[in-house]
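Q: The structure's right below; bear with me while I get my questions together.
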Amino acid sequence: MDFRSKKLINDPNDVVTEFIEGLVETYPGLQYLDGFPDVKVVIRADVSGATYDKVAVISGGGSGHEPAHAGFVGEGMLTAAICGDVFASPPVDSILAGIRAVTGPSGCLLIVKNYTGDRLNFGLAAEQAKSEGYRVEMVIVGDDCALPPPRGIAGRRGLAGTILVHKIAGAAAVSGLSLEEVAAEAKRASDMVGTMGVALSVCTLPGQVTPDRLGPGKMELGLGIHGEPGAAVADLQPVDIVVSHVLKQILSTETNYVPITRGSRVVVMINGLGATPLMELMIAAGKAVPGLQLEHGLAVERVYTGSFMTSLDMAGFSITVMKADQAILNRLDAPTRAPNWPVAVDGNHPPAKIPVPVPPSRSKKNDEGSSRPEQLSPLGHILEVAIEAAATAIINLRDNLNDWDSKVGDGDCGSTMSRGASAILEDMKKCYPLNDPAETVAEIGSSIRKVMGGTSGIIYDIFFKAAYAQLKANNHAGITALQWAGALEVAIAAVSKYGGAKAGYRTLLDALIPASSVLKEKLASGEDPVEAFVLSAEAAVAGAESTKNMQAQAGRSSYVSADILASVADPGAMAAACWYKAAALALKNKCKGVDE
């Protein structure tokens, strides 16, 4: 069944004009011509054709590629951007209006992406402007490297590499060069650049049905910025493989689209297509740069990562590689007030990024740190069994915890807890001083801190740090069951103090607080310590289960409705009950019939 896409718009026919209105409200340096809805032109607010003494640089095309092209209007880049309707070339009258608005005696350069509609409309506007006495030059950018060399007249499509041409031409113009010189620099830049795109989804036009050309698990290689089909559809691959393929395609010696050979200096642009998270773009950049350096033998001078020329809500990215000499680098580094140019990216890019060493802790011990004893004491054996059981139980519960957390949180409780548990098991083999209970508790906190992110990681680190401090203060002649209970109580109090949660808040404390109370009560009444531990574990499980009836007052669950919360116990409480019970049962099995 077909569904209309969800868009935060009003009338689909008004999206471009309303976009422009929001743009100029956001950036005071921009203005638009009063010609809506037919004329949609964004110009520099400080430029008037009657008085402007520099070459005007004008570009544009269909809308839907934001921030291109209007977001690159500003001193040092474009003087005006002509906006067509979504994926439609702007009409001749709009282009003419833009030329007339910003072109002075020095003339104007039109930078046009290589699409038939853009070439024809900008071309006709250029001829009309010339007949009116304006000096006009036009440069066509076709940087697509995905398709075989064209046999017809269409040529290579204009893609994100056009943005680099904008920057170079804009910097040349503001430096005072003549129209012919600015055009020559733009033409040279367009000959040096190659781009290829990869998409995981097809874009959806405002008010239209979402296309289903790409099925689940598929990606499209080399498609255009209007969602037109690309060179091939393939199974989704890891980003390392995708980036390597794209770079080989751009730098192919068979097509010879760009004059880049081993030893060349280059700049690279990782461009999001509209729906790609910055995290994924940065991952691609982190693979592209060493790939260019090591696999292709190129000197990467600049890296630009972000969304520059999008395709509405398309998921995917394009990679652009441009051959760069010092003149081009100077143009790219020149200042600009265009709002969407990444002005912080300048200066030499190092051949390799060496991570900065992690500073050592000022409180770190002078010795080589903790280590596992060669021979475990009886207590050491007991600790090992209990810790191993607790960690293994959490690892086995990972999928259930994630499932529960997907209903009331962000779905990663099991994965996070499992990472911590796995680290504990690994570190216990190497560095836990199991014969020293207090120091072992400290090492558990250190293991958690290294790998467990988010709230749960810091909460458990606080928990074990507080328990360690309490045990250390009383670790003179061995640790009694009452002292273990006291450490648990102190650890719970620390978590409550810093985390803000209390009993009934639907957190891990709703498992640990009942456990602590029962443990103290049973020990005070003379109960066998191991049996008291087991009984307190039953209280932990009951407390965790009771969270189904609680309204969350802490964490992400506090944003979830009571009806949903009632369907599942708090995952954090269930995890705490799980490891606590596993440790108690392991201790019972180990110590059956033996007094503490």
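Backbone N, Cα and C atoms are what each Cβ position is placed from, and that goes for glycine too.
TrEMBL lists His226 with the feature active site, tele-hemiaminal-histidine intermediate. Look at TrEMBL and you will find Gly62, Ser63, Gly64, His65, Lys113, Asp118 tagged as substrate binding site. Taken from TrEMBL, the feature domain 'DhaK' covers 11-341. Marked as domain 'DhaL' by TrEMBL: 381-585. Sequence annotations record features per position, and here TrEMBL assigns region 'Disordered' to 340-375.
Just tell me what is around each of these and how deep it sits.
A: Around His226 (active site, tele-hemiaminal-histidine intermediate), the C-beta neighbours below 8 angstroms that are at least 6 residues distant in the chain are Gly62, Gly64, Phe87, Cys203, Ser311.
Counting only residues at least six positions away in the same chain, the Cβ atoms of Val15, Val16, Phe19, Lys40, Cys83, Gly84, Asp85, Val86, Phe87, Ala88 sit under 8 Å from the Cβ of Ser63 (substrate binding site).
If you average pLDDT over the domain 'DhaL' (381-585) in this model, you get 88.
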Q: So how many other Cβ atoms are close to Gly64 (substrate binding site), meaning within 10 Å of its Cβ?
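A: I count 27 other Cβ atoms within 10 Å of it.
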Q: Ten-angstrom check, please: count other Cβ atoms within 10 Å of the Cβ of His65 (substrate binding site), all chains counted.
A: 28
Q: For the substrate binding site, please report the maximum Cα-Cα distance among Gly62, Ser63, Gly64, His65, Lys113, Asp118 in Å.
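A: Binding-site diameter by Cα atoms for substrate: 15 Å.
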Q: Would you identify which of the binding-site residues Lys113, Asp118 has the most other C-beta atoms lying within 10 angstroms of its C-beta?
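A: The most densely surrounded of these binding-site residues is Lys113.
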Q: Within the same chain, and leaving aside Gly62, Ser63, Gly64, His65, Lys113, Asp118, name every residue whose CB is within 8 angstroms of the centroid of the CB atoms belonging to the recorded substrate site, in sequence order.
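A: Going along the sequence, the neighbours come out as Gly60, Gly61, Ala68, His69, Gly84, Phe87, Ala88, Ser89, Ile225, His226.
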Q: For Gly62 (substrate binding site), list the number of other Cβ atoms lying within 10 Å of its Cβ atom.
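A: That number is 21.
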